[in-house]
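According to Swiss-Prot, the protein has these features:
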| type | residues | note |
| --- | --- | --- |
| TRANSMEM | 29-49 | transmembrane segment |
| TRANSMEM | 59-76 | transmembrane segment |
| TRANSMEM | 91-111 | transmembrane segment |
| TRANSMEM | 126-146 | transmembrane segment |
| TRANSMEM | 157-177 | transmembrane segment |
| TRANSMEM | 193-213 | transmembrane segment |
| TRANSMEM | 223-243 | transmembrane segment |
| TRANSMEM | 277-297 | transmembrane segment |
| TRANSMEM | 314-334 | transmembrane segment |
| TRANSMEM | 343-363 | transmembrane segment |
| TRANSMEM | 374-394 | transmembrane segment |
| TRANSMEM | 406-426 | transmembrane segment |
| MOD_RES | Ser804 | phosphoserine |
Amino acid sequence: MATNSTKACPAPMKATSNGVFQGDNPIDFALPLAILQIVIVIVLTRVLAYLLRPLRQPRVIAEVIGGIMLGPSLLGRSKAFLDAVFPKKSLTVLETLANLGLLFFLFLAGLEIDTKALRRTGKKALGIALAGITLPFALGIGSSFVLKATISKGVNSTAFLVFMGVALSITAFPVLARILAELKLLTTEIGRLAMSAAAVNDVAAWILLALAIALSGSNTSPLVSLWVFLSGCAFVIGASFIIPPIFRWISRRCHEGEPIEETYICATLAVVLVCGFITDAIGIHSMFGAFVVGVLIPKEGPFAGALVEKVEDLVSGLFLPLYFVASGLKTNVATIQGAQSWGLLVLVTATACFGKILGTLGVSLAFKIPMREAITLGFLMNTKGLVELIVLNIGKDRKVLNDQTFAIMVLMALFTTFITTPVVMAVYKPARRAKKEGEYKHRAVERENTNTQLRILTCFHGAGSIPSMINLLEASRGIEKGEGLCVYALHLRELSERSSAILMVHKVRKNGMPFWNRRGVNADADQVVVAFQAFQQLSRVNVRPMTAISSMSDIHEDICTTAVRKKAAIVILPFHKHQQLDGSLETTRGDYRWVNRRVLLQAPCSVGIFVDRGLGGSSQVSAQDVSYSVVVLFFGGPDDREALAYGLRMAEHPGIVLTVFRFVVSPERVGEIVNVEVSNNNNENQSVKNLKSDEEIMSEIRKISSVDESVKFVEKQIENAAVDVRSAIEEVRRSNLFLVGRMPGGEIALAIRENSECPELGPVGSLLISPESSTKASVLVIQQYNGTGIAPDLGAAETEVLTSTDKDSD
């Protein structure tokens with residue numbers, strides 16, 4: 001008997017091989033085979049994610065499809081492939097790695113749920129969450145009777161009803177966050193409602209899942225299920241008293257900007273594993289313990305964020321895809337055969353959609369949410385994802401769901417998530433509303449009435465450029481005559497594959513910026529918060545913070561839309577290079593350059609690109625300490641007039657001395673510096689108009705400089721464009737800031753355009769930041785809004801490439 005048993009059971013796999021040269025096949029050993037499986041999974045899911053990117057689908061769709069493709073539904077139909085890559089004897093190792101990844105992923109998911117924020121959830125979000133759970137849960141129980149009578153005969157009735165109810169009522173919180181971010185709804189009112197409701201739904205789903213697991217044990221005695229459930233409750237209560245104080249103590253010893261001690265990280269991961277072991281021993285599931293630890297860890301301070309940074313990439317990128325493969329190996333679409341099976345698939349899918357959408361729609365309309373937004377909320381709340389797969393896999397492992405029911409439920413989850421993005425894009429288009437709101441008067445700094453409020457939208461990627469940017473804004477506020485200055489500080493955050501980059505919206509408030517209004521400002525407060533709050537309080541400038549979370553390929557749309565909605569006169573963008581210690585400029589990120597170019601092409605107002613070379617030093621300068629020398633290099637044309645208008649605004653500040661350099665052609669060289677051909681009467685008329693406007697503003701500058709000591713006017717006659725312009729710059733090389741137009745007009749500017757190495761800065765800006773330039777001052781390059789949507793001299797081919805994406809999106 002022992003011999004027969006030995007023959008029936010394959011020998012366990014050894015960990016490592018001796019190598020092919022000693023006759024070993026690497027895939028007959030556990031470690032090389034696991035490596036091969038991981039590589040195949042990662043490559044396949046990433047390729048699918050890339051292919052689905054134009055459809056703006058979340059990565060979970062690609063991972064689910066990839067898992068199904070590797071299973072018996074497609075590639076797994078080949079016995080040779082299945083035996084070679086996913087042999088049965090390797091599945092224990094594969095599922096162990098997958099569940100370990102799942103354990104830590106659920107810990108991260110718990111970290112992203114702020115219990116204090118849940119307690120502050122408004123009536124609207126709470127009502128939407130409850131309706132989105134109860135109605136689909138009830139309908140799920142109803143449809144489960146049909147399934148049980150047809151394809152799921154003989155299963156535990158109570159457990160089956162609860163599993164089906166949970167599976168149909170779940171909203172995938174992380175997946176919803178990514179969809180909202182992709183659709184640029186993350187920080188809108190509808191986005192905040194959806195996220196708050198989904199967070200409540202998520203917690204309720206875990207409670208129901210724990211109940212379902214307790215009811216689905218192999219022991220038929222209801223007393224055992226009761227003990228499992230009560231033990232789980234006791235674990236949660238005990239952890240609630242023990243875990244928060246310990247981690248609050250750890251968090252107080254971790255400081256912003258300083259590395260977190262390895263001891264704290266290792267101790268936390270050990271606690272996660274221990275709690276996972278305890279809940280597994282109770283009979284719930286190890287992931288439940290990990291999730292509870294994540295929820296209970298206090299979110300204040302840098303410790304929670306540091307944990308995510310340490311764990312997330314390895315778990316989400318390496319281990320978690322294995323869970324989708326383990327799920328895909330159990331999914332056999334071929335089991336769905338015949339009219340009955342496909343009819344049941346339609347029934348389950350319709351029930352899931354109908355319950356979520358109708359429940360959400362009814363409550364939304366009761367709260368007087370507009371119909372279009374209510375329908376959008378319904379489809380958003382219908383998003384499924386990893387949590388759905390977890391429920392289904394637990395049901396499959398516990399023999400509550402058979403192969404056919406499991407396949408039907410997986411396809412239902414895939415379909416409901418897949419349709420969310422296109423339906424929401426069709427139903428709810430906030431861009432339409434932005435276009436209606438798009439008419440406003442002051443789209444440039446240059447204007448007839450200088451007493452009107454100047455609205456600036458300043459953008460930044462990180463904390464490094466904040467001091468100089470604030471010093472620039474301080475210099476721009478003038479003397480607060482008229483309506484003063486209003487600043488919109490837009491934090492540009494890249495929408496990466498990392499869920500933590502998206503789920504920070506837990507902290508978003510009505511101002512739209514997640515890191516702005518943290519409770520209390522202490523030593524650990526973010527330096528960005530401190531800097532802007534200090535500027536707002538000391539300079540009495542109205543600063544309104546916001547955030548934009550988007551991919552670098554279309555974040556320019558967020559910038560332009562925000563400029564329209566906030567009626568900005570000028571958008572100030574950081575240059576894509578930063579200054580090094582030796583004074584040279586190094587590229588921060590190449591895609592920042594393309595963001596700037598796209599904004600130059602599509603901006604609804606004037607645009608400034610700020611080359612930061614340490615304006616005011618490395619710290620914020622208070623109003624009384626401002627002492628800057630600002631130089632405007634004026635050649636002519638609308639961009640130069642816009643730069644001069646900005647300079648005159650700065651000159652109102654008591655700490656600013658403005659020097660205006662006007663470059664004119666020497667009378668002996670008129671027409672000789674460059675040969676200008678006028679192609680038509682329109683260009684000739686425009687040139688005459690620009691020349692007249694230039695002369696008018698120069699006449700005004702002469703008058704101002706004669707009565708105001710803070711404004712100096714210097715006129716330079718040019719004979720050799722390149723040499724004489726460099727010579728003029730040499731005279732004021734010790735200035736703090738240069739203001740220049742991006743595309744200056746006039747004969748001299750045309751002569752130096754050939755030397756423009758950086759089209760977005762124009763010829764003069766490129767000259768000022770070139771290695772040969774004698775000045776190391778900061779530079780603000782300004783393009784005046786012209787109303788045509790054309791940014792000259794960005795290159796025809798480049799312009800076509802930059803705008804093609806936006807045409808496609810329209």
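Backbone N, Cα and C atoms are what each Cβ position is placed from, and that goes for glycine too.
By the Cβ criterion (under 8 Å, sequence separation of 6 or more), the transmembrane segment (59-76) is not in contact with the transmembrane segment (343-363), since fewer than 3 such pairs are found. With pairs at least 6 apart in sequence, the transmembrane segment (223-243) and the transmembrane segment (126-146) have fewer than 3 Cβ pairs within the 8 Å limit; the two do not touch.
When Cβ distances are compared across the two stretches, the transmembrane segment (193-213) makes contact with the transmembrane segment (277-297), since 3 or more pairs at least 6 residues apart fall below 8 angstroms. When the stretches 277-297, 343-363, 374-394 are ranked by Cβ pairs under 8 Å to the transmembrane segment (406-426), first place goes to 374-394. Remote same-chain partners of the transmembrane segment (277-297), defined as residues 6 or more beyond its termini with a Cβ less than 8 Å from a stretch Cβ, comprise 99, 102-104, 106-113, 115, 203, 206, 209-210, 213-214, 217, 228, 231-232, 235-236, 239-240, 243-244, 247, 268, 271, 303-304, 307, 390, 394. Proximity of distant same-chain residues to the transmembrane segment (374-394), defined by a Cβ-Cβ separation under 8 Å and at least 6 residues beyond the stretch ends, is recorded for 58, 60, 64, 102, 105, 128, 132, 163, 166-167, 170-176, 179-180, 190, 193-194, 197-198, 201-202, 205, 209, 212-213, 216, 285, 287, 320, 323-324, 326-327, 330, 352-353, 356-361, 364-365, 401, 406, 409-410, 412-414, 416-417, 419-420, 423-424, 427-428.
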